[in-house]
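Enquirer: Structure incoming, see below.
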Amino acid sequence: MRTMWWPCLVLALLSGLETSGFPRSPLQLLGKRSLPEGVVDGIEVYSTKISCKVTSRFAHNVVTTRAVNRADTAKEVSFDVELPKTAFITNFTLTIDGVTYPGNVKEKEVAQKQYEKAVSQGKTAGLVKASGRKLEKFTVSVNVAAGSKVTFELTYEELLKRNKGKYEMYLKVQPKQLVRHFEIDAHIFEPQGISMLDAEASFITNDLLGSALTKSFSGKKGHVSFKPSLDQQRSCPTCTDSLLNGDFTIVYDVNRESPGNVQIVNGYFVHFFAPQGLPVVPKNIVFVIDVSGSMSGRKIQQTREALLKILDDVKEDDYLNFILFSTDVTTWKDHLVQATPANLKEAKTFVKNIHDQSMTNINDGLLKGIEMLNKAREDHTVPERSTSIIIMLTDGDANTGESRPEKIQENVRNAIGGKFPLYNLGFGNNLNYNFLETLALENHGLARRIYEDSDANLQLQGFYEEVANPLLTNVEVEYPENAILDLTRNSYPHFYDGSEIVVAGRLVDRNMDNFKADVKGHGALNDLTFTEEVDMEEMDAALKEQGYIFGDYIERLWAYLTIEQLLEKRKNAKGDEKENITAEALDLSLKYHFVTPLTSMVVTKPEDNEDQTSIADKPGEEAIAETTTMSFLTTQQSSQSPYYYVDGDPHFIIQIPGKNDSICFNIDEKPGTVLRLIQDPVTGITVTGQIIGDKRSNASSRTGKTYFGKLGITNAWMDFRVEVTTEKIILGTGAELSTFSWLDTITVTQTGLSVTINRKKNMVVSFGDGISFVIILHQVWKKHPVHQDFLGFYVVDSHRMSAQTHGLLGQFFQPFDFKVFGIRPGSDPTKPDATMVVKNHRLTVTRGSQKDYRKDASVGTKVICWFVHNNGEGLIDGVHTDYIVPSLF
């Protein structure tokens, strides 16, 4: 699948603390050699953690910073975080010496009095303000007594929007001092499956710091971790200042087996729509460019550079023109022309000669462009199946001709008549951005600020690339009549390649059996309808595992999207309509605890024995041996080194220091099913196993004993694989295959790999020093009426496998804990029941036994274990069917 890289919705963070007497810029705490390491003016920031959890594009982010005042006097400590302008703060808590002071979201007018009182008394109040292009800065401070500890925790949520084929989270990291425990931990869960995941940091300039960054994805789950030690943070081996200063970016995309994807949880649904492979709809585009005097110098030069680059990307099926406005209006051509090579060459000559002139006549420039597009359509000089777009770039306010904003809005609205979108690009800060935004929103477009930086030309090019490839026009998303409530926006003038349409709503009947969604649109060749049908029972089963992120995510996603769209509509509303929209958005903001332009978060904390109020305020609008099913066993015994295996009917055993007990469970699946046992994206190692039954079993039966009859081991980085059956072993390196039988005794080696076959007993597969597997052959009498040969799989060394290792066996490679209590008689007097707490689940378990065949393949060693019922539910991550794969390789 094609993955396009593009700046997207930004998640930014700046976390830190500063003391009184230091500049109030974020985290400007410089290390001093005369002080203990990590302590600045008596304040030690000993922990900063950014925890990001994303489920179906909806991000839940928690920023936690902990500090201690090691001075002998009280100190003021400040907490600064930069977060995306598109995010809503949902919680802020302040904990001092174990006492937590929570935040409460209130209507802005109610909170304002508390805010003004705090400021008038000279107290520091928390606030949120704009910071850079895509960020807002949250700041709050508090006095901390000598020897006291303080914890700041900020939570915010946002919907990641897809641009140019990817979702992006961008974190601004600037502690500017060494932090004993600094960690970024991001977990991503996408039911469609993750197709790519990457992470990078601008400040990682050496291998030592780079080794602190790990990233992996498998199936539906992705993980990024950045956890540098103190030494890895240092700018030099003996320095006390930090390298952590710059941008940390995570990007990912999802699999798209169909154009749409619908997810339903607890009566709320979200519908993602992003078709691929459609032909591009030809576009008719007019660029309306401000060439007034204020555009002189660098601005006009960057505009020329951007337009020349855009002309390189215009497709030959497109039609275009340029309109320049200052006091007067001039055009390149009298009408739209096709983007032939000759016309593009002429257009570049025109662009190179653009220069600044005098005043700013926005009204006439826009009306001329609109007239040109309307006439081209009326005269049929552009393709019937094409779409029109107008893009205006200006750096100031109208000051000649019609200069009243309301009148310009009326003129443009009447001229366009809803037929095509207007996109406004505001260059710099000396302009009425609210006017440009309103003008665009009224005409199905959007506004974007172009910042006066060295990359302004790239910003202009970037915006054009967003709208360069329309795949559908007049998109309508439809659902069964009377089946839904509270639907978010479901009509869009365009769908652009690399983007995504998101619609959410509420079901009238939560017990409905199926759900259908239709998306209709005009394509380049014909009208298209995309239908997505959902079986509710299958949906419930597929989404069970999502609770490990946060269970009500679809409802919160719906609320977020609804509020966001209401606030956008509010900008153009008037009178009663505006009041009604405001009331609805306010109610939702309060209900779901979102800090929006209509609400504020109030935190009351102690300050010199008085209450102090802080405000988080968002800127405004700008039996187990006899079982007949597959059994899995985990064992923990403190006296031995960790080992892991699956054997018998098959038993999974995991041994971890610190416990002297075992856990086991069964998987009830039919013969022929292939299960993923181990998958490590870092080492590239994957192990799978195919189930066989006894001789009475058939492919559709889940009764009778089951075993592993075939195993597959691959190492993607070495281009190596081995297929093991009860009859033969096939080794493959690249395109070369070698076949051996269990009658052989042989060792095969190459760099980083060793395979040893011990005749009729076992084989050992080792990947260097630190990863070693043993496969045991179990043979029975060939004429036995029921039993047949099977395999056992043992991990005898796994210490070089990464923390991202997963699978039915691999997920237990990392330490975990469980507690057993409440032992009581069970239904079988010889097998008591008990309550087990493991992985935040409370389970009923039963005492039983399994076998360890490492020392004696015929008899085995008895292992006592606690049996987890229902296919290991609550013990394994997700459900057992998540580990079923189509084939061995």
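Here the Cβ of each residue, glycine as well, is placed from N, Cα and C on the backbone.
A quick note: this is a predicted structure, and the numbers were derived from the prediction, not measured.
Pasting the feature list from Swiss-Prot:
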DOMAIN    29-158  domain 'VIT'
DOMAIN    284-467  domain 'VWFA'
CARBOHYD  Asn91  N-linked glycosylation site
CARBOHYD  Asn580  N-linked glycosylation site
MOD_RES   Asp649  aspartate 1-(chondroitin 4-sulfate)-ester
SIGNAL    1-21  signal peptide
Enquirer: Based on Cβ atoms within 10 Å, give me the single least packed residue among the glycosylation sites Asn91, Asn580.
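Expert: So among Asn91, Asn580, the glycosylation sites given, the one with the fewest Cβ atoms within 10 Å is Asn580.
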Enquirer: For the domain 'VWFA' (284-467), report the average pLDDT of the model, please.
Expert: 90
Enquirer: Measure from the CA atom of Asn91 (N-linked glycosylation site) to the CA atom of Asn580 (N-linked glycosylation site) and give the result in Å, rounded to a whole number.
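Expert: For Asn580 (N-linked glycosylation site) versus Asn91 (N-linked glycosylation site), the Cα atoms are 26 Å apart.
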Enquirer: On the three-state reduction of DSSP, what should I expect for Asn580 (N-linked glycosylation site)?
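Expert: DSSP assigns Asn580 (N-linked glycosylation site) to helix.
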